[in-house]
Amino acid sequence: MDGTVTPSPTTTAMPPVSALDAGTPTLPPEAPLAMPEQNLREGSLQVRHQRTSPPGIGVRRFYLIGGTFATTAIAVWVMLSVLWPDGISVLEGCLLGLFVLLFAWIAMSFASAVAGFVTVVARAGRKLGIDPEQPLPTLRSRTALLMPTYNEDPRRLLAGLQAIYESVAETGQLEHFDFFVLSDTTREHIGRAEELVYNELCDRVDGHGRIFYRRRADNAARKAGNVADWVRRFGGSYPQMLILDADSVMTGDTIVRLVAGMENNPDVGLIQTLPAVVNGQTLFARMQQFGGRVYGPIIAFGVALLHGAESNYWGHNAIIRTQAFADHAGLPSLRGRKPFGGHVLSHDFVEAALMRRGGWAMHMVPYLQGSYEEGPPTLTDLLIRDRRWCQGNLQHAKVVSAKGLHWISRMHMLIGIGHYFTAPMWGLLMLIGIGIPLAGGGIDLAGDLPFSPARYWHGSSQGNAIWIFICTMFVLLAPKLLGYIALLLNPRELRACGGAFRAAVSILLETVLAALMAPVVMYLQSRGVFEVLAGKDSGWDAQVRDDGKLSWPALFRSYGGLTVFGLFMGAVAYAVSPALAAWMGPVIVGMALSIPVVALTSLRRTGMALRRAGIFCIPKNSTRPRCWCVPPSCAAPLRWNRR
């Protein structure tokens, strides 16, 4: 009862790589498409209301904005009752401003989660004629499946492609698809291995003339440039292209339904699926995997319900109309130096915004299962990836004001930017929240009553401060609660997740671990924001996808300073008052225990032990499509000669 995949007995094992002298990979005849760079200073929104926009979309968005405003207004009114009696000082004004912004942030997530919960429970939200319960449609057009790669393990990569290829073949419609491995690899030994493993794959599945390999000599503009190069060379032959990631696996059934959705809706430019995170082995990966399974649909259905035909693009596991992409998604180079200037890093948001500006509808179909990806195995790997995303999202500050964008597209970018600024804002809120009673109550170590922030706040507001805390925690944790309720209402999913009790224990443990890691994430995200603002570029490295194996020296280098700071802060707080130390306890404990917490959650044996106990379970393999039997993580590790 888990999301771990084991190889199918019927799967042909990949032979070991014994040499690097592969034959020359083939490519189809070129069919160029012009893909001009878009001008961000000129342009207008071509179609304001899309034909495929769901009915009542204005009412839905009014609910989101109005619900967010109403919830925030109530919380601000209670906060004012805490601050107002003695007048509002400068520090209290700063506290109030931060509180308004941060509470509005979580209130918007709360409103989306409520909408998503209603949609999930009602089994609603299906659109574009894509119904997974109906017979598989017959396709009329050709589609290219693109798998970009950058210094990845070729055997792992192409095991995933084999899984997809065989699953598409099982639908009986393989003749409508071609498969492309688009390599941006810069390491020669990996590039040579890619060619060899590619040829082995073609021989094994008889994929010559249908599976193609192309390696760029100049990997300009990273993944966005990789895909754009393919569009300019081969895009004219394919009305649709399905973008994959190096760890993506999709079922043939899902792929065929996505293509049919594009064929039947000629004004749709993109359909984004909700990838389920699978193959987690470490404790960290398994808790992320479980959370994505239980809470993820609640959030995703809410987002899809409110965004309508202006949904976003996540860069992979999505199908795109090739001509629309070529006409409108050519990314310009941003003015200025890195990290804000240069090539657009988080290209997916910008490509979606430009395609919507060009008049194309953008949809998300979270109910369509059969779309999978893998998550980072450790918190460290997540934060390394998050640092790149931080730079890419902050770079959107140069794009959000582009002419002609739909206001929902601008909101996507502002939310991405805000996600990273909330980390330092939470830190400031906590520091000011402690600083106000210190400044107002004074520090009298010899007094009869020790200093207590709780006594200060309660005394100033007749207990209203505690209601602010309760309200904030409820709004923060509501998506987890709603996810659990939705799980209880789905007996099949509930059994697959270990039953009501084990699922509740899993949610509780995930919440505790997330709370312990929250100060670490807050600190490192804040540092990432300041590094980007200071002009430090994140670079571009291959993502770690194997089980975490973190050495103690590496852990001390990464988290030693944070641990020392947490212990120091705890000692100072205790010297002032034990009550102050208790008030700051969650942050102090998270920082002080960062090394053991990261180490524990990075262990495979810890994750597997909890799996055997029925904790952090997701539906068992037997309920999943056969394509899950050959995922990237099940391929034998590739060993090559580095010389």
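Each Cβ is built from the backbone N, Cα and C atoms, and glycine gets one as well.
Residue ranges 282-304, 581-603 are listed, and Swiss-Prot annotates 581-603 among them as transmembrane segment. Outside the transmembrane segment (466-488) by six or more residues, the chain places 71, 74-75, 78-79, 82, 103, 106-107, 109-110, 113-114, 116-117, 120-121, 294-295, 297-299, 458, 494, 497, 500, 503-504, 507, 510-511 with a CB less than 8 A from a CB of the stretch. If you look at the transmembrane segment (99-121), the same-chain residues 6 or more away from its ends with a CB under 8 A from one of its CBs are 60, 63-64, 67-69, 71-72, 75-76, 79, 297-303, 305-306, 418, 422, 425-426, 429, 472, 475-476, 478-479, 482-483, 485-486, 489. Counting only same-chain residues 6+ beyond the ends of the transmembrane segment (554-576), those with a CB under 8 A from a CB of the stretch are 380, 438, 443, 445, 451, 519-520, 523, 583-584, 587-595, 598-599.
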